[in-house]
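Trainee: Structure incoming, see below.
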Amino acid sequence: MDLYLPIANLSVNALVIIGLGGVVGLLSGMFGVGGGFLTTPLLIFYGIPPTVAAASAASQVTGASVSGVVTHMSRGTVDFRMGGVLIAGGVVGAGLGVFIFRLLQSLGQIDTVIGILYVLMLGGIGSLMAKESIQALIALKTGKRMQARKRRHHPLVAALPTRWRFYRSGLYISPLAPLLLGMATGILTMLLGVGGGFILVPAMLYLLGMNTQSVVGTSLFQILFVTIATTMMHAMTTKAVDLVLALLLLIGSVTGAQVGTRLSMTIRPEYLRILLAAIVLLVAARMALGLGWRPDEIFTIDVK
Amino acid sequence: MRAHHLSLPMLALFLSGADEPKLVPDVSQREVEIQYSFTGADLLLFGAIVYPDGRRPDKPADIVVVLKGPEQSITMREKQKVAGIWVNADRARFRSAPSFYAMASSRPIDRIVDERTAAIYEMGVDKLQLSPSSLNDSAELDRFQAGLVDLRQRNGLFVEKPGTVEISDGVLYRARLPLSARVIVGDYTAETFLVQDGRVVAAAVRDIHVRKSGFEQFMAVAAERWSFLYGLTAIALAVGMGWAAGAIARRI
């Protein structure tokens, strides 16, 4: 079933895009991440122009995170204060992202930077997650209880001035730490079309030392609002949001997300984490190979 | 604006004597509308060759049809391996690269006209005049031009179909050219050349308008002009669908 995308200026197979959205939605429901880190590269691989892919993937992440946020809010596992600080940082970061995006575009280096960013972040976070979850698995198998990790924030976070209490997160830290973290994810959202959940969640756990219960809800809450802001910025500046593409992705991903959420309740969280780590590492490896391998297209064309 | 893209050599042809043969060309579609199901179009370019007094030459003439899309100013970038990774290392600018180019001829071009004539009338993807505007040496420009042609050919935006123009009874000709789904909107020109003994003896142009229609047109305009509302719609769509899916799933 071919459908013409009015902004991307090409026709795609609607079922393929819906299926792609479905797979990403499934993962996002299972792991509580937005899944943008998969959507953007897959769309580019399918032949969608990178800018359109990043702009439209952001709105897909919005859709995938809405129902998660609603669920977490009803369970009371969203730290609104922490979320608010993260969002403030995220919106500033997205604004900076617009500027960086344009600069890199004019230099012709946007693709390379996106590739390197993906490899560094996914590689780093993937290995961190893999290490943690393998340790947890070993502890599970040997029946030995793993000694509870001392939950504490990174020394650098403690060095920042002024402190706020974040009750639901169980923290008494400087608001600058989540603000900077929010900014970093905001930039990434703008550049890569990712929600940044795969960075936020580990960073909130390991850098800020938040308690586990409110991490996923709060990160989804921030992702929801930052992707909304990003979609708007793309619509206003790059004008690359393709509504038809976004609609197709959404149909798949909101359905997939529901299935994923149900699945995640039947699987042990330890296995879930190692699975996510494997997927993240796989994407990172593919991107790394892409940087070193001779690309399919040596030449690219920019129309002015 | 309805611009007839007449090149200087073609203009000279129209001013030539009355005893030269004439072309009466037409196309199957004057308007190509891009709609939701647009996957490209097949254009039929046909017409008649009118000889003065109906005298047909002893040696059969040849027909070349060239379909050209709006010209674009482009920057091309070339990836090279730098420190182990592939990055955009070199670039070239062209002021007039056709966004679409398709050519059909009754016989292979090199057997119809010589290099010089082919270059004058831009017959063939390697004969396009791209007007480079950056400081590259000619070897580099050739490399970029070859890259452009290769890329666009694989996207179906540059098409060459030598030997596909059918001429019946020496007076009626027809050619079929594919219009890719990736074409941009704008004014296209279909040029037809009548070639006799390596010389272009008659030429004619037809305009074809490619435009988005209905919903696709509306979307393209909305994204450009009412970008705030457009962005708001995208957000409302995303939030609404996410919410609805969650609400439905809770009932099941």
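Every residue, even glycine, has its Cβ placed from backbone N, Cα and C.
As listed in TrEMBL for this protein:
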type     : residues  : note
TRANSMEM : A:12-38   : transmembrane segment
TRANSMEM : A:44-70   : transmembrane segment
TRANSMEM : A:82-104  : transmembrane segment
TRANSMEM : A:116-140 : transmembrane segment
TRANSMEM : A:176-209 : transmembrane segment
TRANSMEM : A:215-233 : transmembrane segment
TRANSMEM : A:240-259 : transmembrane segment
TRANSMEM : A:271-289 : transmembrane segment
Trainee: How about the transmembrane segment (A:215-233) and the transmembrane segment (A:116-140): at least 3 CB pairs under 8 Å, pairs 6 or more apart in sequence, or not?
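Mentor: Between the transmembrane segment (A:215-233) and the transmembrane segment (A:116-140), contact is absent.
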Trainee: Mind checking which residues reach the transmembrane segment (A:44-70)? Cβ under 8 Å, same chain, six or more beyond either end.
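Mentor: For the transmembrane segment (A:44-70), the far contacts come to 5, 7-8, 10, 12, 16-17, 20-21, 24-25, 28-29, 32, 34-36, 78, 105, 110-111, 114, 189-195, 197, 216-217, 220-221, 223-224, 227-228, 230-231, 234-235, 238, 240-242, 245-246, 249-250, 253-254, 256-258, 261.
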Trainee: Given the cut-off of 8 Å on Cβ pairs that are 6 or more apart in sequence, determine whether the transmembrane segment (A:240-259) and the transmembrane segment (A:12-38) share at least 3 such pairs.
Mentor: yes
Trainee: Same-chain Cβ contacts of the transmembrane segment (A:82-104) under 8 Å, 6 or more residues past its ends?
Mentor: 110, 113, 164, 166, 168-169, 171, 175, 178-191, 196, 200, 210, 214, 218-219, 221-222, 225-226, 229-230, 233, 237-238
Trainee: With the transmembrane segment (A:12-38) as the reference, find which of A:116-140, A:176-209, A:271-289 contributes the most Cβ pairs under 8 Å.
Mentor: A:176-209
